[in-house]
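A.B. asks: Structure in structure tokens, see below.
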Amino acid sequence: MRLKDPFSLKTADMTKRSNKPKKPRDEDSSDEVGGLTCQHVSRAVDLSSVKKAVTGSLWSVCSDCLKERNVLEGETAGAHDILVCLKCGFQGCNQAEVQHSTKHQQAHHSDSHCITISLTTWKAWCFECKEELSTHCNKKALAQTLDFLQKQSAKATSGTSSKLIKLREEPAEYVDTQRGKSPVNSTLIPVKGINNLGNTCFFNAVMQNLSQTHMLNDLIQDVKEKGHKMKISPSTETNLGSLTVTLPSPEPLTSAMFLFLQSMKESGKGPVSPKILFNQLCQKAPRFKGYQQQDSQELLHYLLDSMRVEETKRIKAGILKAFNNPTEKTADEETKRQVKAYGKEGVKLNFVDRIFVGELTSTIMCEECEHISTVKEAFIDISLPIIEERISKPTNPARLGKSGREQDSLTSHDDSLAAHSQANRNSRRLSGQKLQSRHSSTSHDDRGPDTVSSRQEEDLCVAGRGLSSYRTDTMGSQSDCSEKESNLQDSSNDADSEASESEWSPRIPSVSSHSSTSDKTSITTTLSTTTHNPSLKSNPSSTPLPSIRPQQGGAVEQLVSAVSKLGLVHTSTDTLPISHSQEELSETRDRDRQHHQGAFQVLCHSYTPSSKECSVQSCLHQFTSIELLMGNNKLLCENCTDRRQRQMKRSDKKAEKVYTSARKQMLISALPPVVTLHLKRFHQAGMNLRKVNRHVDFPLLLDLAPFCSATCKNLGSGERVLYSLYGIVEHSGSMRGGHYAAYVKVRTPQRKPEQRRNQSGSREACSAPQGQWVYVSDTTVQTVPESRVLNSQAYLLFYEELL
């Protein structure tokens, strides 16, 4: 039997249905009137599913073409038609070459996906009946769905340009297969304006900086198509060889990012529309729907982390395919071991981790037993509080307890130091309150200075895991100054909703700095990172600080004293020995002293900020300086608690938890090729939301060595670690209404990604690369002098590694 082509109606078919002759009845159909009603309508039409799918996706764009990167942004729409599946809302094209709509119906043949509506002719077609359907049949659902789609079309086309996308016919015109070359005749990436979709300046400013991130443009080429080969080399201790896996097609958000970056590099006039990318992001993070006021740093987190999740899923799928997709039931123990080993290394190869993700190490040392705990966590940016000069109000001593009076006397010796300590206390992400040695730890008395526990290895393996789940501290959001002002209550509610939405996926935390949720106060004293004496003696030029631990020698001697005071005659064999020769005690103290000094040692000389300095370096100095955990903010030391319990083993009473004074420091232990610094200008002060407008100086060339651990990966002691500024996100205005803009540096790419860190000894002679700074505010693009850049009110700073 000859099948009629969908929607290929003769002239007679365009007349009224009353005058239209009946079509030949399909012998397999039970319809009473051919072409008018269909028995599949009741099972193949689901209005609620269509509404959910259509409102959450880009209108009139083939989903499969978008996934396969067969579309480009900013171009006139092609002549092909889009058919909407009335079962699930899938939008597919009817091109002769691909027929995505037909393939969708065939893929879901068992579940009725056979009825579609054309977004061009508004005609319904049943693939099972192979006939056009009447939208006025005895089923109301079909007519209601058509009405919804027509209203949705009116909404989508009323405020948007017809120049959205077009099919890509010649990929070779803009994709250069040679790494390191630009698709145009120059190696410089041009700067184009980006259309504001409605309160999306926060998005546009970030995308301008990402489009000028050369390494991102290079590495994303690897995910542009299905079948990319990836070589995974596990650690030598696994006794496994390298494995080459074939990756499946990239996920929608990563595909949309690739298309956007390509459109930004295309030569041509006019701004670029980010609609495809923005809509895909809204699918991952619904909080950005509705075109409300938002925050650039939050946007950057959601965007990078969502792409990272997609790429991790893609890499895992490639590894499982290499092992013939084993399951928990079918795989043997050896296969499980190999899959786990390759997966552990493979997930680290996603392009987000390779470009933006670094590592920080938080070191905490108990002042009583000198047990050292370390916590390593990944970051995609470092949030730095801006130091504000404030006049501290006098505190009534009568309202303080004993510990409060001790703390007050400690801080009264130096007002300036106390003010800085207050800022330092607010800058810490980790509270000393009830910090336990559940953290991955190294202990001089148990494992030796170089032994790392298995818990630490787990922390390093599980990317995106830190001490807590991701949480952003930015309260409220900002938008264009031409937009309507939002009240403080709305901003507060927006921040509250963010906390619940942040659980949508495992997330790499930013190294955010916020105050402890406890109402207890900790006294934090900023010390030079070159001071390593466990007694924490202060600089002789300053007023001496009272000791925070008894000067009775080492930990063993303190334990001897404690045992003698308790009057315990018998000790169990698992307690530390209390009798040593003087030589053994001396050797132990020397070894411990060296280990403790190394734990708090930086890569090179520490940075010393000048008086009243407010710069990126002074903020980093504050972030990485040593602080004391004491008073009501002491450390809950499990090591001391265990020792107390062993000493009281013969007693029926359970030893109380031991809280001790401690030292804590956060240092960078692994640097990514691109370091993003977030200046915390927005925060909550009491019941109010406020913005810090103080200018922060930032260098064009930043040396991060003073803020890196001495054990920082791939770096030698005493080296300079230079990073060059290439992008800024600026916020102007207030909390109620403001505007985001970008400054980007157009420059020649330094080198290919595989050449990074392969050279050494050339850091001293490095200088910032030459280039032209460009100011971009949505569609406004203009070149600016360097002086204007340095005077901007920076919110996000993008630095790239220099060799």
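Just so it is clear, glycine is given a Cβ too, placed from its N, Cα and C backbone atoms.
Note that the coordinates shown come from a computational prediction; the quantities given were computed from them, not determined experimentally.
Checked Swiss-Prot, it gives:
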- 36-153: zinc finger (ZN_FING)
- C38, H40, C126, C129: Zn(2+) 1 binding site (BINDING)
- 192-802: domain 'USP' (DOMAIN)
- C201: active site, nucleophile (ACT_SITE)
- 403-417: compositional bias 'Basic and acidic residues' (COMPBIAS)
- 419-440: compositional bias 'Polar residues' (COMPBIAS)
- 469-480: compositional bias 'Polar residues' (COMPBIAS)
- 502-531: compositional bias 'Low complexity' (COMPBIAS)
- 532-545: compositional bias 'Polar residues' (COMPBIAS)
- H739: active site, proton acceptor (ACT_SITE)
A.B. asks: So which recorded positions out of C38, H40, C126, C129, C201 end up within 10 angstroms of the residue listed as 'active site, proton acceptor', measuring C-alpha to C-alpha?
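C.D. replies: Those close enough are C201.
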A.B. asks: Given the binding-site residues C38, C129, and counting only Cβ atoms in the protein chains shown, which has the most within 10 Å of its Cβ?
C.D. replies: C38
A.B. asks: For C126 (Zn(2+) 1 binding site), name the DSSP secondary structure in the helix/strand/coil scheme.
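C.D. replies: In the DSSP reduction, C126 (Zn(2+) 1 binding site) maps to strand.
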A.B. asks: I'm trying to understand the geometry here, so how far is the Cα atom of C129 (Zn(2+) 1 binding site) from the Cα atom of C201 (active site, nucleophile), in Å to the nearest whole number?
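C.D. replies: Here the two Cα atoms are 49 Å apart.
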A.B. asks: Reduce the DSSP letter at the residue listed as 'active site, proton acceptor' to three states and note it down.
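C.D. replies: DSSP call for the residue listed as 'active site, proton acceptor': strand.
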A.B. asks: Which one, from the recorded positions C126, C201, has the smallest tally of other C-beta atoms lying within 10 Å of its C-beta?
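C.D. replies: Counting other Cβ atoms within 10 Å of each of the recorded positions C126, C201 gives the minimum at C126.
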A.B. asks: On the 0 to 100 scale, where does the mean pLDDT of the domain 'USP' (192-802) fall?
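C.D. replies: The average pLDDT of the model in the domain 'USP' (192-802) works out to 71.
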A.B. asks: Using C-alpha atoms only, work out the spacing between C38 (Zn(2+) 1 binding site) and the residue listed as 'active site, nucleophile' and round it to an integer in Å.
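C.D. replies: Roughly 49 Å, rounded to the nearest whole number.
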A.B. asks: Cα-Cα separation of H40 (Zn(2+) 1 binding site) and C201 (active site, nucleophile), in Å?
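C.D. replies: About 47 Å separates the two Cα atoms.
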A.B. asks: Within 10 Å of the Cβ of H40 (Zn(2+) 1 binding site), how many other Cβ atoms are there?
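C.D. replies: A count of 21.
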A.B. asks: For C126 (Zn(2+) 1 binding site) and the residue listed as 'active site, nucleophile', determine the Cα separation and express it in whole Å.
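C.D. replies: Cα-Cα distance, C126 (Zn(2+) 1 binding site) to the residue listed as 'active site, nucleophile': 44 Å.
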